[in-house]
Protein chains: 2
Amino acid sequence: MEFSSKLLEKAVNEMAQLPGIGKRTALRLVLHLLKQPSEQTQFLSQALTTMREEIKFCSSCHNISDVEVCEICNNPNRNHKIICVVEDVRDVMAIENTNQFKGIYHVLGGKISPIDGVGPSQLNIDSLVEKVKSGEIEELIFALSSTMEGDTTNFYIFKRIKDYSIKTSTIARGIAVGDELEYADEVTLGRSILNRVPFENTLKNI
Amino acid sequence: MEFSSKLLEKAVNEMAQLPGIGKRTALRLVLHLLKQPSEQTQFLSQALTTMREEIKFCSSCHNISDVEVCEICNNPNRNHKIICVVEDVRDVMAIENTNQFKGIYHVLGGKISPIDGVGPSQLNIDSLVEKVKSGEIEELIFALSSTMEGDTTNFYIFKRIKDYSIKTSTIARGIAVGDELEYADEVTLGRSILNRVPFENTLKNI
């Protein structure tokens, strides 16, 4: 791709560093910004820079926060004895949207993945183990995605805390609500039968 | 979507203003920036702001340029009597990549589209008509997309310049090179028969 302007080229190249944005898409986005009032570009650049410089991570759960300890960890109405272990901030937002969980979170910041060069030391695992050691936690809920990396991470954490008396659980795997049985894969269907729940329980959720 | 941080929310909202970027994608992009060194965000913001503030449009053809008159208009080896009329900068880049055109360009900056509120006065049509009036132009090649808006724009320009002795042409419509005939739509196939070219001409292009 040849550009008639170095400025344009640089902007496109920087934009194309974002995941899932190729050169063509980057050019489309940049040309769109050129057509809009220059304030829009200013606002975007400013919002990104301010966010990157000033954003904090909750010192307790590592969730993104504007203050030292995030709203969830600071909320006395939540059960601080149940910790839901998630991969990243998006998972916290997703679970919060369900309104079903009233405990607190612990954001690992990724999954153990040797292929991507991510080991346990790069994740917020030590601080989680410290919390468990403190004896104030009753239950850990593993809510990582059920991939090989997710399972490895679950197992690694489990091994490090298994000597402390603490309940551990994982979120249920099964057929998604509204899905047809015939299209489900065997592993999921198998697990949904193994982990069947008393029928009375489902009545409560309706 | 509820955010645990106002800074994050603002960055996502600004990002989601870009065309084709929804809130979820914006969140993914912003969280990616958070994981990268803060320089990347700085470079991106800076490249965008500098580009938006300092970029110039060629005073002659309205192409994007770092200088007053763009490289193409400034090139004495190009034929300044043949003007290719295009919609935007991307079309200039696309045609330049073919290496088949040695004339100069005129970038309209859009197409006449009443439904989007774009009239002739918002496009660089007056300056094109002025160029034609000057009598130094021999041929206009319309290279707009063959949509209703493109055809309307072609026709509007044609009506304004038809009293001046100047050749006008449009780029050929036909079956794309490498395409199977059976999958072509009838209009394209029909035009490709009406506008058939002497077989000897095709031999020259190989």
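Cβ atoms here come from the backbone N, Cα and C positions, even for glycine.
TrEMBL lists zinc finger for one of the ranges A:26-41, A:58-73, namely A:58-73. Here the domain 'Toprim' (A:81-176) is broken down by DSSP into helix, strand and coil counts: 38 helix, 21 strand, 37 coil. According to DSSP, the zinc finger (A:58-73) comprises 3 helix, 2 strand, 11 coil.
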